[in-house]
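> Below is one structure. I have some questions about it.
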């Protein structure tokens, strides 16, 4: 299937926060309760519709172990979007967000869109990180924020698509050089219009990116 743009994503965060499960739920609409640890990187892709345009999302799921951090860093380059994931039942995964964020911003484009995800919202009774803490971290660092459940699929679709909406908004504003694939964006065969157009009504509508969305 042809597409207007290809956006490259990277999923980052500690081991066991559910990165691979989020990818599987988004691409295959299924949950795998037992998942082998990611070694290096895994890959998935899916087409979505943003503002009437077909967008191909190319998603790289990275290993969370410290021993693979150098490999992960190489994938930041050329990523238009990042999903930074923590587990709401494990505070240490939230405490490590600053380190992951520093890595991401040091090795990526300054315009990369970062979505902060508090995963495993289905385990409310075991919650160790308040939603308000995630919201505050996102505000402080200029991130989009959502809580998700890879198990129930709650907000999984929205997290990936809202990240794409924000990337597309930046394209419309001229913040991304879409002719430089190092920015994680590739022009597809569908896309022939100039990317230097100003904000449109549809673009302005896309700014409602759901940072306050509830879960289930």
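Cβ atoms here come from the backbone N, Cα and C positions, even for glycine.
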> Ranges 37-42, 43-48, 49-54, 55-60: which does Swiss-Prot label motif 'Switch 1'?
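That would be 37-42, per the motif 'Switch 1' entry in Swiss-Prot.
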> Look up 125, 202, 206 in Swiss-Prot and give me whichever carries the note phosphoserine.
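Among 125, 202, 206, the residue Swiss-Prot annotates as phosphoserine is 202.
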> For the annotation motif 'Switch 2' in Swiss-Prot, which listed range does it cover: 63-72, 73-82, 83-92, 93-102?
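My reading of Swiss-Prot: the motif 'Switch 2' range is 63-72.
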> Looking at the motif 'Switch 2' (63-72) alone, can you tell me the average pLDDT?
54
> Which entry in the list of binding-site residues, 61, 122, has its Cβ near the fewest other Cβ atoms, using 10 Å as the limit?
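Each of the binding-site residues 61, 122 was scored by Cβ atoms within 10 Å; lowest is 122.
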> At a 10 Å cut-off from the C-beta of residue 151 (GTP binding site), count the other C-beta atoms across all protein chains.
18
> Checking your reading of the structure: which of the binding-site residues 16, 20, 119, 122 lie inside a 10 Å Cα sphere centred on residue 150 (GDP binding site)?
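Cα filter at 10 Å returns 20, 119, 122.
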> So how many other Cβ atoms are close to residue 18 (GTP binding site), meaning within 10 Å of its Cβ?
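A count of 25.
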> Would you mind reading off the Cα separation of residue 18 (GTP binding site) from residue 61 (Mg(2+) binding site), to the nearest angstrom?
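On Cα coordinates alone, these residues lie 10 Å apart.
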